[in-house]
């Protein structure tokens, strides 16, 4: 095949020095872009170079087909999965949990096979990945993925040990699924750690379909785990004639009814109860892992066929010299929150109505104080961003768009619970201290969510502060000469040669940057404790019966079980976003 594009590109870009100021380096860069385009098209993709905004970009003819096909795959998998999950929950006779696990095993195996194929194919094909998205898969997101992945594997091991002791009366599928899921988590964690930044240029339709399959599988695993965890945490009234004056003292766990039916199934070893409690405590980590993996798979899907215009990225660094008051205050809130959470769980488990009432009052007061402080700090942060002169981030950025979408979308879960609670408390007449505190907590939560979303969205869309690589600092000449004899002839010392932190010599950060970092540090720890409490079992929505009195128990349980998982994810996603805003500030 004869190719004359280099001459054509060179001729089109080279002009006289009087008319254009095009250098040889730019000529070579334009030729290289065309070579990359031809190499990509040789692997089966139909692409066409066009001139746009002064540079060559490729237009993939099959892009719409790839998006459409992969979207149909995801839609059908999710709808089928929702139908099977709903059937296994509401009709346990014809559709059992074994049917759901068989569907998940097939889905997980198919996704694992594709991920292995992706790894082998991209590692062997020359120039399959021409560009890397510097914003995708930051190290703290991948670090969180690894942490949650390790906890998920440990959870699968505990489930295997638990079901091995009940193999004589349980379906073998319940042992096979955690084995397959553990392998899936290991393979996926490695793939996302290595390839999260990839902008794949070959076999784009197949890659898009595979990534959407990965996304759908993670969402199905998340949906199954959320359903099982919600059923485990949901409490139902034992006596239909109970009323709010009992304050929920006549309640039993839904799962205890299921165990009564399975009382004939005895465990073959004495550690079944221990491992069952252990893997239930690890469910929140498995739920967060699935959501983290889904977000990273979506960004990879958006980056398929993408050509980056800019190859540089801002190097964001974190320094302990920058923040102090915010993290310390946040740690205090975190420790106090953990203490009140433990006391709340202990008092509620005792079943004494008086202790349960005291536990609810303590829980609401702690939440009100934390949320009030968070609202004030977020408001201050919004005011500082209003005064900030930094430019907005320009250009396409799938990571930023996904972050904002997840923040707004996940916060709807807490909005849902809060507004239903406000209506229920007002309809009941706001009787008693508990209902008054519950109403105040819900109203303040709505305000805090709005302020924190505004603060995070503004922060994520601001360009990082630009700092020079080699700053020069005027220091004490005599002190420098004493430390470095070779520099006695100069009074100007490069900053990287000084033995003390540069920020001490420069008078620390500006007051705006310092306050923004302190705010991020405080909000980060506060969101951690607000994630821990609902993720590990705090359900004041069921311990306080005002919601179930107004809406009936089944309706109220559906509202809580739908909104709670999104609220838990919102807090964890806010932690990652706050850390990024802190670095960019």
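Placement of Cβ uses the backbone N, Cα and C atoms for every residue, glycine included.
Those TrEMBL annotations? Automatic predictions, nothing curated.
Checking TrEMBL for transmembrane segment across the ranges 256-277, 278-299, 432-453, 454-475 points to 278-299.
Checking TrEMBL for transmembrane segment across the ranges 496-514, 515-533 points to 515-533. Using a Cβ-Cβ cut-off under 8 Å and counting only residues 6 or more beyond its ends in the same chain, the transmembrane segment (98-118) has close neighbours at 77, 80-81, 84-85, 87-88, 171, 173-174, 176-177, 180-181, 183-184, 187-188, 191, 195, 207, 210, 213-214, 216-217, 220-221, 224. Through the fold, the transmembrane segment (553-570) approaches residues 226, 230, 234, 236-237, 284, 287-288, 291, 406-407, 409-417, 420, 449, 531, 534-535, 539, 541-542, 547 of its own chain, all at least 6 residues removed from its boundaries and within a Cβ separation under 8 Å. For the transmembrane segment (320-344), same-chain residues at least 6 beyond its ends with a Cβ under 8 Å from one of its own Cβ atoms are 359-360, 362-363, 366, 370, 373, 377, 501, 503-504, 508-509, 513-514, 517-526, 528-530, 532-533, 536, 538, 582. Proximity of distant same-chain residues to the transmembrane segment (406-427), defined by a Cβ-Cβ separation under 8 Å and at least 6 residues beyond the stretch ends, is recorded for 295, 435, 438-439, 442-443, 445-446, 449, 453, 456-457, 541, 546-547, 549-551, 556, 559-560, 562-567, 569-570, 573-574, 577.
Here the transmembrane segment (364-385) has long-range neighbours at 326, 329, 333, 336-337, 340, 434, 437-438, 440-441, 444-445, 447-448, 451-452, 454-455, 458-459, 462, 512, 515-516, 519-520, 522-523, 526, 529-530, 540, meaning same-chain residues at least 6 beyond its ends whose C-beta is under 8 angstroms from one of its own. Proximity of distant same-chain residues to the transmembrane segment (65-86), defined by a Cβ-Cβ separation under 8 Å and at least 6 residues beyond the stretch ends, is recorded for 95, 99-100, 103, 107, 204-205, 208-209, 211-213, 215-217, 219-220, 223-224, 227, 301, 304-305.
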